Amino acid sequence: MENLIKVFKENKGFFVAVAYGVTSVSITFFNKAVLNYYGFNYSNSLTLGQMIFSLFFLITMKSFGYISYPDFNIDLCKKLASLSLLFILMVVSGLAALAKTNVPLFSALRRLSTLIVIAGEGFLLGKVTPTDEVQSVVVMVLGALIAGLGDATFDLVGSIYILFNCFVTAGYLIYIAKKTKETQLNTFGLMFYCNILSLPATLLLTFITEWEGISTYEGYGNLGFQFCFFMSSIQAFLLNYFIFLCSTMNSPLTTSITGQIKSILQTIIGLFMFGDVIITPLLSFGLIFSTVASFWYTYIKYAQTRARNNPPSN
């Protein structure tokens, strides 16, 4: 047991990245089930439910002393307004895109966010990304674009949502690290403020765009729907936690790449799970092309880690 604890402490960043990847895969399928399989095609309402659950978990855990974060503070609200805006745009656009596209294409096109993170880190944080990393990410994106061209169920609106989601996701990942340094808030504090600041706008958006639909939806009594909605909401809390933790403990790029690598498994399962994918040669080629690039990037990062841990001796 002591050895296991030691291994975890020495590789905490790696385990956090894995936890983020597993949660991200799982929540995608629960979200897809709620939105399409059970016909609850109200992405803003699902977002609202996830926010309410997250706030409930945070407040309950704080009241029992399991976690701590500062009480509601106007100055912190002002400092975190931009991060909260990116948060709500990321969640809403992501669910809207998932509702209109199949899982493999959704996973493939979201790889563009990694390239945007690289550009953003260079511009905002002055970070220089190695050439081979950039090349592998470019190949990922090219494969995703080829897959999009070969998708027989291509939805223009859904693809625009995904493109927009890539930009706001990249900005969100970069700003997490920036705002953490500015506010000195811990992970739970950032989660609390992002959710509480985003709640009024999400509530208003839901009422304006989806009230008629959710008030007449007939599937609330379905146990399968209840289970998937509940699991989606729980994992939204866990996913946000692991995104914050991975971005602060590792880096925004690591978080983004972890999200892309988990897309390999997500793509494979998504091809067969919901029956909404028409497999064409161009789609298959693009997905394989992008997946190989993901493995390429993984090898590059592995080689870099080995080089850091085993420096050449003089």
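Just so you know, glycine gets a Cβ as well, placed from its N, Cα and C.
Record features, source TrEMBL:
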type     : residues : note
TRANSMEM : 12-30    : transmembrane segment
DOMAIN   : 22-297   : domain 'Sugar phosphate transporter'
TRANSMEM : 42-59    : transmembrane segment
TRANSMEM : 80-99    : transmembrane segment
TRANSMEM : 160-178  : transmembrane segment
TRANSMEM : 190-211  : transmembrane segment
TRANSMEM : 223-247  : transmembrane segment
TRANSMEM : 268-297  : transmembrane segment
TODO: Counting only CB pairs under 8 A, let me know which of 12-30, 42-59, 80-99, 160-178, 223-247 has the most with the transmembrane segment (190-211).
DONE: 42-59
TODO: May I ask for the residues of the chain that lie six or more residues beyond the transmembrane segment (42-59) and have a Cβ under 8 Å from a Cβ within it?
DONE: 31, 34-35, 67, 69, 88, 91-92, 95-96, 98-99, 188, 191-192, 195-196, 198-199, 202-203, 205-206, 209-210, 213-214, 217, 229, 232-234, 236-237, 240
Open item on the list: Out of 12-30, 160-178, 223-247, what stretch is closest in contact terms to the transmembrane segment (80-99), meaning most Cβ pairs under 8 angstroms?
Closed with: 160-178
TODO: Determine the mean pLDDT over the domain 'Sugar phosphate transporter' (22-297), rounding to the nearest whole number.
DONE: 80
